[in-house]
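Quick look at what TrEMBL annotates:
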DOMAIN    69-249  domain 'Malic enzyme N-terminal'
ACT_SITE  92  active site, proton donor
BINDING   145, 402, 446  (S)-malate binding site
ACT_SITE  163  active site, proton acceptor
BINDING   234, 235, 258  divalent metal cation binding site
DOMAIN    259-515  domain 'Malic enzyme NAD-binding'
Ligand SMILES: NC(=O)c1ccc[n+]([C@@H]2O[C@H](COP(=O)([O-])OP(=O)(O)OC[C@H]3O[C@@H](n4cnc5c(N)ncnc54)[C@H](O)[C@@H]3O)[C@@H](O)[C@H]2O)c1
Ligand SMILES: O=C(O)C[C@H](O)C(=O)O
Ligand SMILES: [Mn+2]
């Protein structure tokens, strides 16, 4: 922190703005560079909250908060931590989706790294130019599947920035040690490419051979520059997401949030739901709409959970029904990937059915759990939901697609169509549901319950891999924190105010598991717990 003068005043990570005391101003050569008033951080929070509140819409609020982040990170996180429930939907889903779509238009200042294909001969230099030397967590996207909004090219950068803000807010990762990265490999979104304001490389997406070679080069440069960093893959198209994860999961400290983080949060929410419904997962028939990387990732974990509850692999698979854009996955389909094939039902099982769409499956099968990771807005129709509600007392219905505009159903509809019996969790945030004059919060089943805790765990424990067991322990620890376990009228997942504390608990369990799995240095459970608490960064001026 050697900076003095203007360099110090304008360094977002260490500035205090008007909160520099007179003495500090004298020491740091700031006399005269600030108005005479000396503010406390609480006064600054009050002021910025007022400013935030006067912005006209959510995108405007997003722009305000991002600008504050670029100006004074400590204040940004302090403000967020005091208004977490109100501001999460602004810096993250759903508003971040619009911020990605309009990234070039609302662009003010650079952040993180733009790793562009035309610079491929100088990837190491690009990595070396990173804003801060030491990095604990990278979130990288190539912008091809931004939430359910498709290819946003370089605009996808909004996602790594938003996710890393939550690594700090919830997981206590030092913001100076986070690095958002976008791989700019072109875009197939013609509207973006032809927009004169577009800031990315104006080119079609490169072909697979070039693509995988570029990713390999990128990974090699990351390993050379930052050998211990956690590398999180985010919002890659399913066709790339799965091969990339397969290729690197045993070579690096890495995970794919859409596949693994989503699976863990869904399993966590299902824990409270199954308990409230009075029927364990292994006795449920599960239907998933959507067979992309998110849907298949969730189903893999559900299957493992059913097996741990006593079923064989085959018995578990026979309880899982997956419907994609073409209909039910059956073993006579020739268009399935290996991952999808594991969940294909024998074609003989559906002989004589009138059709194989979602409505047919819900009609024919004794469904207890209906999950959506399809991007198909409104696909959980009144007819389907009413039929499901006729089969079971407490139907479990999770429309998990993001952002709000892609949700398979809205919670108030599900509540109405099931007379309040549905156990609901959504991917994006929704307003509470009102029934008999009582308002009930809707659980937001979003991977943000998981990834900050994973980051905290591997950073504090100095883990070298993210194992499947670590993800399972994260799911279990989250599941055990479900408010619904003690009161069936409570939501399936904890309130946002409690999430930083729960992330600490999850991180501790994950770190203990990392040691057990032999991917982190030996330490006692107590030592790990203490290490995790102490390593949390706090939004305070120092
Ligand atoms: N809640 C969360 O934490 C979370 C996490 C990850 C992803 N998601 C959301 O999940 C969605 C899917 O992500 P993905 O990476 O798996 O995407 P993807 O595009 O790879 O997969 C989408 C799947 O849905 C199917 N589908 C599309 N339209 C359909 C329709 N009309 N009817 C039936 N099936 C249809 C497709 O065939 C495909 O199998 C996105 O909206 C994403 O935002 C949510
Ligand atoms: O970003 C989110 O809100 C969750 C998830 O990673 C998604 O891609 O939808
Ligand atoms: Mn994602």
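Just so you know, glycine gets a Cβ as well, placed from its N, Cα and C.
TrEMBL labels come from automatic prediction, so no person has curated them.
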I'd like to know which of the recorded positions listed (92, 145, 163, 258, 402) lie near ligand 3, counting only a CB under 6 Å away.
258
Tell me which residues of the chain lie with their Cβ under 8 angstroms from that of residue 92 (active site, proton donor), as long as they are six or more apart in sequence?
162, 163, 165, 166, 448
Residue pair residue 235 (divalent metal cation binding site), residue 145 ((S)-malate binding site) - Cα distance, angstrom, rounded:
5
For the residue listed as 'active site, proton acceptor', list the number of other Cβ atoms lying within 10 Å of its Cβ atom.
28
Have a look around residue 145 ((S)-malate binding site) and count the other CB atoms within 10 A of its CB, chains all included.
26
In whole Å, how far is residue 446 ((S)-malate binding site) from residue 234 (divalent metal cation binding site) when you measure between their Cα atoms?
13
Take the mean position of the Cβ atoms of 234, 235, 258, the recorded divalent metal cation site. Which other residues of that chain put their Cβ within 8 Å of it?
141, 145, 159, 233, 236, 241, 256, 257
Filter the recorded positions 145, 163, 258 down to those with CB closer than 6 A to an atom of ligand 2; keep them in sequence order.
258
Other CB atoms within 10 A, centred on residue 234 (divalent metal cation binding site):
27
Cα of residue 258 (divalent metal cation binding site) to Cα of residue 402 ((S)-malate binding site): how many Å, rounded?
12
Quick test of your reading of the structure: among the recorded positions 92, 163, 234, 235, whose CB sits under 6 A from ligand 1?
none
How many neighbouring Cβ atoms, not counting its own, are there within 10 Å of the Cβ of residue 446 ((S)-malate binding site)?
25
Can you give me the same-chain residues 6 or more apart in sequence from residue 402 ((S)-malate binding site) with a CB-CB distance under 8 Å?
93, 94, 97, 147, 148, 427, 428, 446
